[in-house]
């Protein structure tokens, strides 16, 4: 009997032995991934609680500071998927003391790994603390299943009705877009480098945008890590491209963070002139500065200011000739990409709260657009959102359009070959641009305003035709030059204007159109 009683002690010692072994590289990798995931989760939950996200889950995970991006992304997504269950289990088990309650996000991550994940390599103080209480956690989970009337965990998670089903790390249906940062790398070199391992081609509409096959993971590619290319969606890249700032211009990015559009503006101006990047929130300013440094955008000046408080008449802004206004919005057009359906606020089910939030956003959007139009030297202005809601898009334009017209602005048509246009609820909706979440994988809205005085200055002079004295060599040369014009150059916005009193001719506005017509007659 004495020998029989001693066996549990030996078994216990054997069970404790693995805890004292030296952690393997896999153990260390998992340890750091859990802590990186906890930091991201804290930022996500704090932003969701305030309805003011610093960035999407993906953008936070794939920032340069996160090393194990794939493992961290999976941990954050899966923990969020089970978060409501984890909270109930921890509450029922009542195992946390004040020390660990202050590290709630790490506790959520570790609890997920113990109950639903891979608890084989759990090293660390938080991990040891919860492993000692694993039985209590599992008992609380079993009681939760009984209370909910569920047979197993699969049924419990299914009843939460997440749109889109289970989380996958790669969206296999969406092409991978990357924008070449021409401040660091030319388009040809980017095509050659990225083409070594993947099929890659230029986008047919947005300059310096490359298209790769769906599912291509470039997060650890050297060109991404050194800021030579940015992983930026096509719809997002269209906003700065629609503005078309010229080298040497002073441009204002009114709501700049996280900075992808800011550095795109810097690239479009070839690093010349000045880009004023305005951002109110300090935590987002830091992210903005990181993006600017990564891009090598030396002509960007960061303003930690409220855009609405900038004085348009101040000399600091007297030379601003273009404004990109991408204000806070619901993000409804990118909610699937941003994985917003995983956030606690998404399942709140309060329709009144959602409508009230949209109205508050619209009020700010109207103020911001009206304010942007009041800058005296502005010639071009783009208003863009990543929302599909009419209240944030066409309704905002409809409300501010009379003011815009009184200040000498008109709606112009960005990317005229793009098929999807604004909803027909505002006069001039054919000039507004929309992308569709189903067809284009993102839902964006873009409105382009051009000041009429600028249009008059850019009008070509009407001269007598010299076709009767043109030599055959000159005509052949002209046809050759026309045929060599790249499609993307023709896809820049045409000045199809909304004007109640007059309609300007396409031929009058586009010299290349006249040249093409002359060439086709030969």
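Keep in mind that glycine also has a Cβ here, set from the backbone N, Cα and C atoms.
Positions annotated as active site, nucleophile by TrEMBL: 386. In the structure as shown, the Cβ atom of residue 386 (active site, nucleophile) sits within 10 Å of 25 other Cβ atoms.
Here TrEMBL flags 255, 256, 257, 258, 259, 260, 261, 279, 306, 326 as S-adenosyl-L-methionine binding site. Neighbour count (other Cβ atoms within 10 Å of the Cβ, all protein chains): 25 for residue 261 (S-adenosyl-L-methionine binding site).
If you look up TrEMBL, you'll see 16-25 marked as compositional bias 'Basic and acidic residues'.
Feature annotation from TrEMBL assigns domain 'SAM-dependent MTase RsmB/NOP-type' to 166-452.
TrEMBL lists 1-28 with the feature region 'Disordered'.
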If we take the residues 255, 256, 257, 258, 259, 260, 261, 279, 306, 326 that the record assigns to S-adenosyl-L-methionine, their largest CA-CA distance in Å comes out at 19
I'd like the number of other C-beta atoms within 10 A of the C-beta of residue 255 (S-adenosyl-L-methionine binding site), please. 20
Taking each of the binding-site residues 257, 259, 306 in turn and counting other Cβ atoms within 10 Å of its Cβ, which one has the fewest? 306
Whole-Å Cα distance, residue 386 (active site, nucleophile) to residue 261 (S-adenosyl-L-methionine binding site), is 13
